[in-house]
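Chemist: Please find one structure pasted underneath; my questions will follow.
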C-alpha cells in the first residue's frame, strides 16, 4: 500500500473509532437523562429516521468517486440530492405520524430538520477520492469531541428533555456539513443543468439508493418491530446492544470506502486489481474477526458500565451481533465493487432478499425469544447480504478472480 493510502486509512480509522465511541457514550448519556419510555421513543425516532436519511444519500458512496475521478460537475447530483431531501423528509413525517402516534409531533419536527442538515454528507466521499481524508477527519473529530463535552455537561446538570438530544444531533449534522464544505471549497450550483444527465444519474442511483435504504431498513427494522410488538422499553434495551456493534460496523465500512477508491484508481491494470482485491478482503475479514473476539470478551462489562443492570439483556444482543462483523466488513467493500461492475439492479435484489429474510425471521423469533430472537434474525440477514449472496454470483466471482472491475 502507498504511504498516502495508509495515511488516509489511519485518519479515517481514528475518525470512525472516535465517532463510534462518541455514539455509544452519547446513547448511554441519553439513557441516563431520559426515562426508559422516552428513551424508547427516542430510539424509535432515530431508527425510522435513519432509514429515510439513508435514502437522501442517493448512492453518494459509489457515484461521487466516479464523478470526481472523471472530473465531471456535480450540478446534476446536487439537484437530485435537494429533491431527495425534501421528498423523503415529507414521507418520513407522514409514516412516523401514522405508525407511531405516541411520539410528540414537536420532537418529530425537530428530527425532520436533519433532512436538510445532512445535505453535505457527500463531502466525505469527495475528500476520500481527492486523498484529503485527513482534513475531513480532523473536522469530524473536533465536532464529536465538542458535542460530547456539551452532552456531559447537560447530564451532569440533570437535564431530562428529549428536545436537547434532538437539537444536539441536528447540530452535529449541520456543523459537519458546513465546515467540511467550507474547507473543501467545492462549488455548489444547479445552474446549467443537463437534464439528460440528470435522468442518467437518477437511473444509475435508483437501484443504489433502494439498496442503501434496504440495508438501512434491515439495520433498523428489528428495533422498529420490537417497538411495535413489545413496546418502546424493549426497543431501547435492544438498541443499546445493537448500537455498540454498529459502531464497529462503521469502522469497517469506512475502511472499505478507502480501499474501494484505491482499487478503482488501479482498475486499468487487472493484475494489480486482482491482488488488491484479495489483500483488501483478507485484511477486512481479519480485522472483523478480531472485532468479534474483542466484543465477546467485553460485552457484559461494557453494557453494565454504560447503561446499568437494567440493560443486562442488551449484552446478549451485542454478543450475537458481533458474530457478523467480519462479513459486514467484507460486504462494505464487495458491494462497491459489485455496483462498479454494473450490477446495481442485482445489488437491489440482494438487499431486498436480506431485508425480507430479516422481517420474516424477526416476526417469527420475537414472540418466542424476545429481543434476542431479533438479534439472531439480523445476524442471519447480514451474513446473507454482506457475503453469501455475493459468493453465489458466479459472474461476479469470476470477475473478481480476473481483476476485472
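The backbone N, Cα and C atoms fix where each Cβ goes, glycine too.
TrEMBL labels come from automatic prediction, so no person has curated them.
Sharing the record's features from TrEMBL:
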TRANSMEM  45-65  transmembrane segment
TRANSMEM  77-100  transmembrane segment
TRANSMEM  106-123  transmembrane segment
TRANSMEM  135-156  transmembrane segment
TRANSMEM  162-184  transmembrane segment
TRANSMEM  205-228  transmembrane segment
TRANSMEM  248-265  transmembrane segment
TRANSMEM  277-298  transmembrane segment
TRANSMEM  318-339  transmembrane segment
TRANSMEM  351-369  transmembrane segment
TRANSMEM  375-392  transmembrane segment
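Each of the listed features needs to be described in terms of its position in the shown structure.
Modeler: Outside the transmembrane segment (106-123) by six or more residues, the chain places 41, 45-46, 49, 52-53, 56-57, 60, 64, 77, 81-82, 85-86, 88-89, 92-93, 96-97, 136, 162-163, 166-167, 169-170, 173-174, 176-178, 180-181, 184, 186 with a CB less than 8 A from a CB of the stretch.
Here the transmembrane segment (162-184) has long-range neighbours at 30, 33-34, 38, 41-42, 45-46, 106-107, 110-111, 113-114, 117-121, 123-124, 126-127, 132, 135-136, 139-140, 143-144, 147, 150-151, 154, meaning same-chain residues at least 6 beyond its ends whose C-beta is under 8 angstroms from one of its own.
If one looks beyond the transmembrane segment (351-369) by at least 6 residues along the same chain, the residues whose Cβ comes under 8 Å of a Cβ in the stretch are 210-211, 214-215, 217-218, 221-222, 225-226, 229-230, 376-378, 380-382, 384-385, 389.
Long-range contacts of the transmembrane segment (375-392) within the same chain, counting only residues at least 6 positions beyond its ends with a Cβ under 8 Å from a Cβ of the stretch, are 215, 218-219, 222, 238, 241-242, 316-317, 320-321, 323-324, 327-328, 330-332, 334-335, 338, 350-351, 353-355, 357-358, 361-362, 364-365, 369.
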Chemist: Against which stretches of its own chain does the transmembrane segment (318-339) lie, if we need a Cβ under 8 Å and a gap of at least six residues from its ends?
Modeler: 59, 61-62, 208, 211, 241-242, 244-246, 248-249, 252-253, 255-257, 259-260, 263, 277, 280-281, 284-289, 291-292, 295-296, 299, 302-303, 346-347, 350, 372, 375-376, 378-379, 382-383, 385-387, 390, 393, 396, 400, 405
Chemist: Apart from its near flanks, which chain residues at least 6 from the ends of the transmembrane segment (248-265) lie with a Cβ under 8 angstroms of it?
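Modeler: Same-chain contacts beyond the ends: 1-2, 5, 8-9, 12-13, 15-17, 19-20, 61, 65, 69, 125, 128-129, 133, 273, 276-277, 280, 283-284, 287-288, 291, 295, 322, 325, 328-329, 332-333, 336-337, 340, 405.
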